[in-house]
Amino acid sequence: MNTVASLFAILPYPQIDPIALSIGPVAIRWYGLAYVTGILIGWWLARRMIANLSLWPGNTTPITEKHLDDFLVWAAIGIVLGGRIGYILFYDLQPVLDNPLVALEIWRGGMSFHGGLTGATLAMIVFARRNGLPVWMLFDLVACVAPIGLFFGRIANFINGELWGRVSDVAWAMQFPTGGPFTRHPSQLYEAALEGLVLFVLLQVLARQFHALKTSGVISGVFICGYALARIFVEFFREPDEQLGYLVGGWLTMGMLLSLPMLALGLWAIWRARRAGRSQEPSGLKG
């Protein structure tokens, strides 16, 4: 056991340049590539899922590949705008008040999942209504592939050496470049595993083996609950943002506070879906 711990202990934090590629004066960062990669892989998988009609209610879906192609731009705008605005409002408003141009520096990081989810949700609602699509069906489709983007986003956080964990002496703790002289939990990797890999596998199993997409809203609810539970759990290992610290009692963080309403919303979505059974979407939620 001590030998295994020693092997982990000598593994340093991998110093990876945040800039993946430079073309003249243009620097392409891993952070931006993570968003693009997550969106494109999610789009590709979503196309395959709508082509598999056996997954959907009545073995048919009104969502076409053309709809997905058109929605790709809406999704990107909703995620980026919502993520950036959410981060500014929830985590770091003062620098933007001092210099509004800071809000445009997306390449430096500073994106909020909760804001990105809000932006993406608004984009889905508007897109569904404009195209006459059942909004819960679109929610479910996007939820099935969203963990892919979460996985790549957390890996990018790790490469950037940001959002590291609390001080720890566990065998796999790392000393991050901006984390001081202490070894810390690689909490970005915990989130990549739970919010990304585990949640993705869970949703795919529910959709493909248990036909959860046939009851609109179940997948959306499980995704929201799954993310909220994973985030609350990892927050116990993640260092809170320096400018905020702990909100209450040395344990409650902003990430926890924002995830608690998500958990309630996810449970409501599952309850609503189970109550509706296999009936059609409520008229108030149709596009």
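Using the three backbone atoms N, Cα and C, a Cβ is placed for every residue, glycine included.
As written in Swiss-Prot, here are the features:
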TRANSMEM  26-46  transmembrane segment
TRANSMEM  71-91  transmembrane segment
TRANSMEM  106-126  transmembrane segment
TRANSMEM  132-152  transmembrane segment
TRANSMEM  187-207  transmembrane segment
TRANSMEM  217-237  transmembrane segment
TRANSMEM  251-271  transmembrane segment
(request) Select the range from 26-46, 71-91, 132-152, 187-207 that forms the most Cβ-Cβ pairs under 8 Å with the transmembrane segment (106-126). (result) 71-91
(message) Please identify the stretch among 71-91, 132-152, 217-237 with the greatest number of Cβ pairs below 8 Å relative to the transmembrane segment (26-46).
(response) 132-152
